[in-house]
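Engineer: Annotations for this protein, taken from Swiss-Prot, read as follows:
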ACT_SITE  313  active site, proton acceptor
ACT_SITE  314  active site, proton acceptor
BINDING   116, 177, 200  NAD(+) binding site
BINDING   223, 245, 248, 314, 347, 401, 406  substrate binding site
BINDING   245, 248, 347, 406  Zn(2+) binding site
């Protein structure tokens, strides 16, 4: 169905992507893990994943063995992806002292980080690379991965990615319970400073509940893409861009925006023609039934405005002049320009992390980067000469705020000199 911008904004845009009924369930899970530690984790593995886990931690040798079992072409693919991610993240890392000679900022890596790697419907070695590599470039001392247990063990491809990226520990536990374990620490899992990585609604709510106890990257909703297209776009490619997003899960959201209503109708027909032939059809069909939107706009300005209001995780511009949109599309997780920059390349190998804000949160937050694994603090290191130029201002402001001990803290330094060598 094709709808216009006004109807879309009124009826569909602000729908919540999270099920509020899950929040009390997640709270109970987290509290149970806090109180009962490893025993709770083993019970949840049995209850939710039907897997009995005597050992929650995966032996490190298992990672190397998994890597060695992989076909050489898969090892090469993982290594190329890792190399591109590493190179890009090194290029954007905050490393230099910023500021002036007497006021500046310093950066330090976090000590312990936990990474959630989804499992279940698919294996996600790419998530390992798109998170752990960033933490390693930042200089994080200890990186723990949690991922749901499986009857036949964690897939080799995921363990091999952990080996390549340099993970320190892997634990077979998933869901809200794994987030709680990393936040509180258990007999086996270490308490971490920050948790990153995408997951389902249970994972998202666990992060929300535990934020403050531990740092988080974001509270992620279902994956999403918004595309702006014109008659230069290849509709077969656009259809598969839609399918690629929709196959993540039934809640994944896809938006296609165009000034050309006839083109949107052609795309709708193309999607229906190809759909019976694709893999993972049932998941894609469910996503398209409830969360797929073809939106007609009147002009360039409306297209950009709508994209900024949707603020999607992924924005793709497939028009005759995609770079025209570069400074007008502002609030997106990542922006993909042109035919040869499909969103899927960003999922695996481009370089920026594929852990991105969803559900309009790109209007105020950013995708994961190496700098999310650094702390930043200001350093104030004044000489007496500089102090003498600013102390009166500080005293006046302290006085007007009636913070008289603040004022006295400055006053005492105007009457007593301290021998130093900064003058």
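Glycine is no exception: its Cβ is also placed from the backbone N, Cα and C atoms.
Just so it is clear, the model here is predicted, and its values are computed rather than measured.
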Engineer: Where does residue 223 (substrate binding site) sit in the DSSP three-state scheme?
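Structural biologist: For residue 223 (substrate binding site) - judged by DSSP and reduced to three states - the answer is coil.
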Engineer: I'd like the number of other C-beta atoms within 10 A of the C-beta of residue 223 (substrate binding site), please.
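Structural biologist: A 10 Å sphere around the Cβ of residue 223 (substrate binding site) contains 25 other Cβ atoms.
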Engineer: Relative to the Cβ position of residue 314 (active site, proton acceptor), how many further Cβ atoms are located within 10 Å?
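Structural biologist: Around the Cβ of residue 314 (active site, proton acceptor), 27 other Cβ atoms lie within 10 Å.
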Engineer: Starting from the Cα of residue 314 (active site, proton acceptor), work out which of the binding-site residues (177, 248, 401, 406) are within 10 Å.
Structural biologist: none
Engineer: Name the residue among the binding-site residues 177, 200, 245 whose Cβ has the smallest number of other Cβ atoms within 10 Å.
Structural biologist: 200
Engineer: Could you tell me which of these recorded positions, 313, 347, 401, has the greatest number of Cβ atoms within 10 Å of its own Cβ?
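Structural biologist: When each Cβ's neighbours within 10 Å are tallied, 313 leads.
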Engineer: Test of understanding: give the count of other CB atoms lying within 10 angstroms of the CB of residue 116 (NAD(+) binding site).
Structural biologist: 28
Engineer: Between the binding-site residues 248, 406, where is the Cβ count within 10 Å the lowest?
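Structural biologist: Sparsest of the binding-site residues 248, 406 by Cβ contacts within 10 Å: 406.
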Engineer: How far is it from residue 313 (active site, proton acceptor) to residue 223 (substrate binding site), counting Cα to Cα, in Å?
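Structural biologist: Checking the Cα atoms of residue 313 (active site, proton acceptor) and residue 223 (substrate binding site) gives a distance of 7 Å.
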